[in-house]
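Chemist: One structure, as structure tokens, below. Some questions next.
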Amino acid sequence: MIATTGATSPATPAAPAAAPVRPPLLKVEGVTAFYGNIIALKGVDIEVNEGEIVTLIGANGAGKSTLMMTICGAPRARDGRVIYDGQDITRLPTHEIMRMRIAQSPEGRRIFPRMSVYENLQMGAALDGGAHFQEDLAAMFELFPRLKERVSQRGGTLSGGEQQMLSIARALMGRPRLLLLDEPSLGLAPLVARQIFDVIRALNAERGLTVFLVEQNAFHALKLAHRGYVMVNGLVTMSGTGADLLARPEVRAAYLEGGR
Amino acid sequence: MASADPVDATNPDAVKRTDLAQVPPARRPARREKSVVERAVSEALASGLLTFFVLLPLVGFHATESGTGSLVLDYRFGLVAVFALMVTAGRLVLNLTVWRGDGPRRSAARVPPKSVAEAEAVASPWPRLGAVASALVKPVFFGLAIAYPLIAVTLVGGLGPSRYWIDIGIYILTYVMLGWGLNIVVGLAGLLDLGYVAFYAVGAYTFALLSTSVPINDFLAGHLGEGFWTAWSFWVCLPVSGILAAFWGVILGFPVLRLRGDYLAIVTLAFGEIIRLVLINWVSLTNGGAGIASIPAISFFGIPFSSGEGGFAHMFGLPFDSMHRMIFLYFVILGLAALTALVTVRLRKMPVGRAWEALREDEIACRSLGINTTLTKLTAFAIGAMFGGFAGAFFAVRIRFVSPESFTFMESAVILAIVVLGGMGSQMGVAAAAILLIGGMEMLRNLSFLKNEWLFGPNFDPTLYRMLIFGFAMVAVMVWRPRGLVANRMPTIFLKQRKSVSGSLVKEGHG
């Protein structure tokens, strides 16, 4: 089932090759999660190596976002373990997990609507103590020139794409090693969604940022990612390189043709 | 009918006024401006007449009991005419201002704005005004507050007669401070607290119980001299009251950490009532409903405001006047309120303050940024409660008597109304709302002309209508300024220049 990871796919630019010797940056082992009595994750195993873009695709209600939230500790995993950088973070409180240089751009962007773009970005750097604030701010404005134009505007008045940029920029302000992105293309025009994906690719290629991406837009996500997982009803059913998954007839039938 | 005269007599007058207001150069423009002015006048007249006839049987005839017990019919046509006149004038003003033009009323004037900048400009004229005056508003406001006793004494002529005005000033400032304290919890952290009065009560009772405590008095009399506790109790108990109230804020905060919105409101409401019921029923400690009396008066940092040797007046070589204490109380509450404002302004610029605001905006996003939401909420509750406790201690030292009746739900509702009407999170708005609501309600007592024989009669008590007017004011503000009097929020940090952001672009309930 698992294709060779070494085969470079033409869709992805030269990224730092994941060193197989090192343990994965993020490892999810047999994690189950419940909402009350309803099971949402039925024992999920996922690995994200340092420097990789890994995507998780699946239909509505498959448990993609739940897995992302479970990594962050809300809802907490009932069984199994979440290991980040060799450390078991399964039982840590959310805010402590988020302080281990894991950043998240949550589903629905969730920027602070009444705060200005500038303040939003500063919230992202709040834990950093503000030591590199100006430097990081300049980097964000270079990455997203639109945000610079809108710097004193209220977050809630931005367009959807700008809000997504702000959400990602805010997450990056904490200088993360691992970026968790939950449906960054949700509700965006295709062109804007492509811009966002381009930024993610650039972040990975230029800075070596590790990205774990949850997406419904399977085609773009798999083209972007080094590796991918497919989730159905709380279980990972397939995994492989992005190109490999894209070529599979099951994936094409379920997530691409007609769905695109 | 006697009433026909005032209606008819005033209408030409009203027409004249509108003529002048509409087109000053032309003498008789009403003919040409048929669509606006004339329709406005005729509609206003019709409304007035309708009101007159509807109210004639309802208000015009009034049965009163005479001394012997038999009913006597009274005629109050003058009052009916006054009502009709009020409706006519009100309708006229509305027709000429809000309800102008044809087509669907009210919506006609509001074309959806195109750009965001345009929207901000259209939706709120305040930022433009504010840009000019904002630098001046706060110093002027604070200067006026400092000079207020002097102004009151000068205008009224003498210390003694100014007592009423100083008293109102103290009363209003107490609510300004309470509003600013609650603003931390509701306006900044977005936690709807309906039981804020509980912390006010904790502060008041802390001071009342400690300052009247005989063992403490005896103990300190033995060590620091007779009369020490009477002189210093307020200054010692003030921080204690704040700390205890903050402690109770944390106690309330823990069980409600997971609640938001309506659910939080109900639990905090219950908390406020529990504190009050405990105060009523724990008779051995609080003396129950009878309350605690003979609380020592405030001292000028140890110097009592007494007439004798060693009193404030004697020390400073002034003729003794009981107003010295009142004026000192005024400055104490002004200082406490200023402290509240300063601390809030400082905190807003610090990580914890920004975390409060972020928490109000989006709790999940907060967690995803690594903010400890538990700690953030508890600090908001604790600091808000602390200022409530300070205000409570001040209340106790001012009235020198506390009883559970002072801490009913009504108090919480008034404080919350001040915060909401003022514009959540806006300090100036809260201050303005406190002055308007508390001062306005107080001013109702002075409308003695309403007691004229031809109007409402000598038995009319305008203060009975306070709640009605209060309600009307709330409805009016919420209709015309749904996000409060001052709906703009100043960013605490900014890149090049501070630019206030209008509240009207974000959905209601979010500020």
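Glycine residues also receive a Cβ, built from the backbone N, Cα and C atoms like all the rest.
Where the annotation comes from TrEMBL, it is an automatic prediction and has not been curated.
Annotations for this protein, taken from TrEMBL, read as follows:
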{"type": "REGION", "residues": "B:1-31", "note": "region 'Disordered'"}
{"type": "TRANSMEM", "residues": "B:40-63", "note": "transmembrane segment"}
{"type": "TRANSMEM", "residues": "B:75-98", "note": "transmembrane segment"}
{"type": "TRANSMEM", "residues": "B:135-156", "note": "transmembrane segment"}
{"type": "TRANSMEM", "residues": "B:168-190", "note": "transmembrane segment"}
{"type": "TRANSMEM", "residues": "B:197-216", "note": "transmembrane segment"}
{"type": "TRANSMEM", "residues": "B:228-251", "note": "transmembrane segment"}
{"type": "TRANSMEM", "residues": "B:263-283", "note": "transmembrane segment"}
{"type": "TRANSMEM", "residues": "B:289-306", "note": "transmembrane segment"}
{"type": "TRANSMEM", "residues": "B:327-347", "note": "transmembrane segment"}
{"type": "TRANSMEM", "residues": "B:378-401", "note": "transmembrane segment"}
{"type": "TRANSMEM", "residues": "B:413-438", "note": "transmembrane segment"}
{"type": "TRANSMEM", "residues": "B:463-480", "note": "transmembrane segment"}
Chemist: Kindly say whether the transmembrane segment (B:135-156) and the transmembrane segment (B:327-347) touch, using the definition of 3 or more Cβ pairs under 8 Å where each pair is 6 or more positions apart.
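Modeler: Output yes: the transmembrane segment (B:135-156) sits against the transmembrane segment (B:327-347).
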Chemist: Same-chain Cβ contacts of the transmembrane segment (B:327-347) under 8 Å, 6 or more residues past its ends?
Modeler: 142, 145-146, 148-149, 166, 169-170, 173-174, 176-177, 180-181, 183-184, 188, 298, 300, 305, 312, 353, 356, 383, 387, 390-391, 394, 397-398, 427
Chemist: Among B:75-98, B:168-190, B:197-216, which stretch has the highest count of C-beta pairs below 8 Å with the transmembrane segment (B:263-283)?
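Modeler: Highest pair count goes to B:197-216.
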Chemist: Excluding the flanking five residues on each side, which residues at least 6 beyond the ends of the transmembrane segment (B:168-190) place their CB within less than 8 Å of a CB in that stretch?
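Modeler: Residues 145, 148-149, 152, 196, 199-200, 326, 329-330, 333-334, 336-337, 340-341, 344, 347-348, 353, 356-357, 359-361, 376-377, 380-381, 383-388, 390-391, 394-395, 398, 414-416, 418-420, 422, 424-427, 430-431, 433-435, 437-439, 442.
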Chemist: So which residues does the transmembrane segment (B:197-216) touch in its own chain, when a touch means Cβ under 8 Å and the partner is 6 or more beyond its ends?
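Modeler: Result: 178, 181, 229-230, 233-234, 236-238, 240-242, 244-245, 248-249, 252, 271-272, 274-276, 279, 285-286, 292, 294-296, 384-386, 388-393, 395-397, 402, 404, 406-409, 411-412, 415.
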